[in-house]
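Novice: Features from Swiss-Prot:
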- R82, G133, S134, G135, K136, S137, T138: ATP binding site (BINDING)
Amino acid sequence: MDITELLAFSAKQGASDLHLSAGLPPMIRVDGDVRRINLPPLEHKQVHALIYDIMNDKQRKDFEEFLETDFSFEVPGVARFRVNAFNQNRGAGAVFRTIPSKVLTMEELGMGEVFKRVSDVPRGLVLVTGPTGSGKSTTLAAMLDYLNNTKYHHILTIEDPIEFVHESKKCLVNQREVHRDTLGFSEALRSALREDPDIILVGEMRDLETIRLALTAAETGHLVFGTLHTTSAAKTIDRVVDVFPAEEKAMVRSMLSESLQSVISQTLIKKIGGGRVAAHEIMIGTPAIRNLIREDKVAQMYSAIQTGGSLGMQTLDMCLKGLVAKGLISRENAREKAKIPENF
């Protein structure tokens, strides 16, 4: 079985990931659970050959030098995949994350009107956060697609690697892949300010320099979308501020309070009857929220979100209650993800 057959099988099963690991049969993750494919275990040289076949020379060199590498790979007519190849105690390994070839719209994903309102802001910082595999890329792709269909703007994305490919519809879209089209996030962001973008997507705000440049871009009149691995709006503010040295924290709080438009923290939950659905905590940069950021009163944010329902804000628990009421998720699954489980 070659790699394209394995990937086609994986996509057909609706898997989010295909795992190849020397010494074990191939496995797929479906609806959050890792399951074995009914095939014999793969030897190290088989796994090594499967991943080497789809790498270019630079990726092979990286893999040999650093013992791991990231790249993207497309099976025409099936999907694109984000690949991480690595070594483990039994030999070679690789994980293929499925990137659906079709960008789903906000309507198809069941995203409310508030997401359109957040996308429509002319400038500022919009952060979509959550753990790995929580659907951040899918949410952001839908928001960019909405803008691509409704505005005459220049959208510039900086990703590692490029996940969803956006055609230029009403917007001009330029997508840059780290290590292929640019040396790094901070380098690409620095030159982005001279590339006349209206909207900038920063695939990952990993380090101080990238976060600083994203804040500067938002402050200078661009709409900047970024992602972090935080699990709530309050933790997101802390994470951004904590990256900076003590003497800069007050200045960063001030910058954030002026430029932050929204924080959307999401998680995926198993649906009744199969599949998964996203649950969101949504914080909007209202005057009250901006004040809390400026005065370092992050602990009071949760209650400000609770009382901001009329403005489109919601806590994760409010969202979970709505999903339970619609019959989409079970109380048990809601309880697992809830901030206050006894409410379920």
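Every residue gets a Cβ built from N, Cα and C, even glycine.
Are these features on the surface or tucked inside, and what are their neighbours?
Specialist: G135 (ATP binding site) falls within neither a helix nor a strand when secondary structure is assigned with DSSP, and so counts as coil.
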Novice: Give me the sequence-ordered set of same-chain residues, not including R82, G133, S134, G135, K136, S137, T138, with a C-beta within 8 angstroms of the centroid of the ATP site's C-beta atoms.
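Specialist: These residues sit around the ATP site: G130, T132, T139.
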Novice: Counting only residues 6+ away in sequence within the same chain, which have a CB under 8 Å from the CB of G133 (ATP binding site)?
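Specialist: Counting only residues 6 or more apart in sequence, the Cβ neighbours of G133 (ATP binding site) under 8 Å are S16, D17, R97, L268.
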Novice: Using only the Cα atoms of R82, G133, S134, G135, K136, S137, T138, which the record gives as binding ATP, return the largest interatomic distance in Å, rounded to a whole number.
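Specialist: Largest Cα to Cα distance for the ATP-binding set is 15 Å.
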Novice: Far apart in sequence but close in space: which same-chain residues, 6 or more away, have a Cβ under 8 Å from S134 (ATP binding site)?
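Specialist: Residues satisfying the criterion: Q266, T267, L268, A278.
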Novice: Same chain only, sequence gap of 6 or more: which residues have a CB within under 8 Å of the CB of R82 (ATP binding site)?
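Specialist: Those within reach of R82 (ATP binding site), by Cβ under 8 Å and sequence separation of 6 or more, are D70, S72, F96, R97, I99, P161, E163.
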